[in-house]
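J.: Here it is, the structure, as structure tokens.
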């Protein structure tokens, strides 16, 4: 049996109890390596330059340099690192701001260990991840009647894209072929005038039309 490659993770949180607890839990998983920890975003950036993490799990509210402001610094200096925001806040303002700055994921602090691990695995594989509580918050605000140009099926596709699903996973969830899922993805971009998956995610957040499917 082939051993799973380790995912190098950097943890950043200004609460020592949270930081130590998260580190202890993640270290129980053989395929996750907590390569470094920091109590400040700036310190985390300095450590990141040395350890070159694949995933940065970072608190959103920190002194001196906030997690949101730090996202762009990580993207500029450590382009291989994927940033996941860890927060107590489920407001669209925080979520949208994080995505606009380049976060690959957003999870709430009350999620299970399994969900944190899923987030790490998903973003390390190039996807995006938003915890179930974040979906609930997004679903609480809908666009005005007639202002949404997407069909119900397109909204389902968009919701699955935001959840980081591959074309194969989208196909399995909706009972379509992978080729059809890819066509839907391309059509969404063309219809909305968006060229990247990140742009689709921003659109979904800004318009409050994310669907939780499956």
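Including glycine, each Cβ sits where the backbone N, Cα and C put it.
Features from Swiss-Prot:
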| type | residues | note |
| --- | --- | --- |
| DOMAIN | 8-124 | domain 'Response regulatory' |
| MOD_RES | 59 | 4-aspartylphosphate |
| DOMAIN | 143-208 | domain 'HTH luxR-type' |
| DNA_BIND | 167-186 | DNA-binding region |
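Describe each of these features in terms of where it is and what it packs against.
T.: Each residue of the domain 'Response regulatory' (8-124) gets a DSSP state, and the totals for helix, strand and coil are 55 helix, 27 strand, 35 coil.
The average per-residue pLDDT of the prediction over the domain 'HTH luxR-type' (143-208) is 78, rounded to a whole number.
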J.: Residue 59 (4-aspartylphosphate) has how many other Cβ neighbours within 10 Å of its own Cβ?
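T.: The Cβ of residue 59 (4-aspartylphosphate) has 25 Cβ neighbours within 10 Å.
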